[in-house]
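Sequence annotations record features per position, and here TrEMBL assigns Mg(2+) 2 binding site to 257, 293, 297. For 257, 261, the entry in TrEMBL reads Mg(2+) 1 binding site. Summarising the annotation, TrEMBL assigns substrate binding site to 319. The feature domain 'KARI N-terminal Rossmann' is assigned by TrEMBL to 59-248. Sequence annotations record features per position, and here TrEMBL assigns domain 'KARI C-terminal knotted' to 249-396.
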Ligand SMILES: NC(=O)C1=CN([C@@H]2O[C@H](COP(=O)(O)OP(=O)(O)OC[C@H]3O[C@@H](n4cnc5c(N)ncnc54)[C@H](OP(=O)(O)O)[C@@H]3O)[C@@H](O)[C@H]2O)C=CC1
Ligand SMILES: CC(=O)[C@](C)(O)C(=O)O
Ligand SMILES: [Mg+2]
Ligand SMILES: [Mg+2]
């Protein structure tokens, strides 16, 4: 019921949005698009670093790292030991960025596992700043729980005794706390519980930091015992290498994140690429043509234009033939996918997605199982064709 009402509401919103879109005569040539480009978001208040900005008509607060220069961050955390539990993509990115920022940071992972070896290879020293999960949780007064979400459930009874009053417990996902009926992770008494969720891969968090840039992250406070939880999570967000921070709640973060990664960011794009490629192949196009027209042109040419200046900018840099056709067809794709997105959101909200992630990713061979499916993707024609196409990029072909 609820999802049907939501579908109807969204469909109505879509109808309302359609008219002005058509009327806006999107046939703008590139130079027109530049002239009529929307003004940069207006800033209404600015206490250095904190701004209220207009996001498409809604006012939201964002925090920028300009309010937290390196010396201030160093001073702020001078008496703290930051323990990073887990060394997956986020443990790696956040841990190394904290270390390079000069903070007192230690890593906790299970001894001699894959993460332990990776941490040693990246300069963490056993007994100095690399410990078992229990030892690190004990030594740290700010504990960054960056274990896999399934391990956060399974190891909570082990970690909990070390999260004593006065400490700060930090997550990069609202998963464990929001779905506490499934994870049994309850905020411990006397502890600040905060979230800073980088909106991108840990690898990108690291590479952007090294380039002097920053990934955006969302922040939230679930439990504020010290009265300083908000300030501390902003400082931590900056210290791990975020560019700017926007506010959310644990629940909003986990709903949107699980939805987005299953949707456009990963699952939906994989499905769309595959469907288009299969039609082209069935109609007699060669693998290289099908791949180029589906993936290579998207990632190498058109999608970066969306990233640079928005959807209308990508349109404006394509032929008017392409613009006319894509504007006409986009609605059909919207209509076809809207019910799937609604079904997905419902599946996130009712706990089915988290239940499956917890069940699957707590199996002893979960990584091998995932790898089997990744290998199937790698072995499929589309991605084998892609490998050859990538090898032909001049920069890969020296
Ligand atoms: N990947 C990303 O870029 C993003 C992730 N997040 C969130 O950040 C958190 C960390 O995710 P991510 O960095 O991807 O890490 P992973 O999900 O890949 O988890 C990796 C860590 O969990 C450890 N682990 C898994 N199972 C166990 C176990 N049974 N006992 C002990 N350790 C275990 C692994 O250790 P070992 O190697 O020893 O198995 C490894 O150090 C999650 O909450 C995730 O949702 C948020 C934003 C983006
Ligand atoms: C990279 C990221 O933010 C994801 C896709 O949500 C995740 O890895 O969980
Ligand atoms: Mg995410
Ligand atoms: Mg995620």
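Using N, Cα and C of the backbone, Cβ positions are placed for all residues, glycine too.
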Quiz prompt | Neighbour-count leader, CB within 10 A, binding-site residues: 257, 261, 293, 297 | solution = 257
Quiz item: Listed binding-site residues: 257, 261, 293, 297, 319. Which have a CB under 6 angstroms from an atom of ligand 4?
Solution: 257, 261
Practice problem: To the nearest whole angstrom, state the Cα distance for the pair residue 297 (Mg(2+) 2 binding site) and the residue listed as 'substrate binding site'. | Solution: 14
Self-check item: Three-class DSSP secondary structure - residue 319 (substrate binding site)
Solution: coil
Quiz item: For ligand 2, which among the binding-site residues 257, 261, 293 have a CB under 6 Å from it?
Solution: 257, 261
Quiz item: Of the binding-site residues 257, 293, 297, 319, which ones put their CB under 6 Å from ligand 3?
Solution: 257
Quiz item: For residue 293 (Mg(2+) 2 binding site) and residue 261 (Mg(2+) 1 binding site), what Cα-Cα distance in Å is obtained after rounding to a whole number?
Solution: 24
Quiz item: Across all chains shown, how many C-beta atoms besides its own are within 10 angstroms of the C-beta of residue 319 (substrate binding site)?
Solution: 8
Exercise. Taking only the Cα atoms, work out how far residue 319 (substrate binding site) lies from residue 257 (Mg(2+) 2 binding site), in Å, as a whole number.
Key: 35
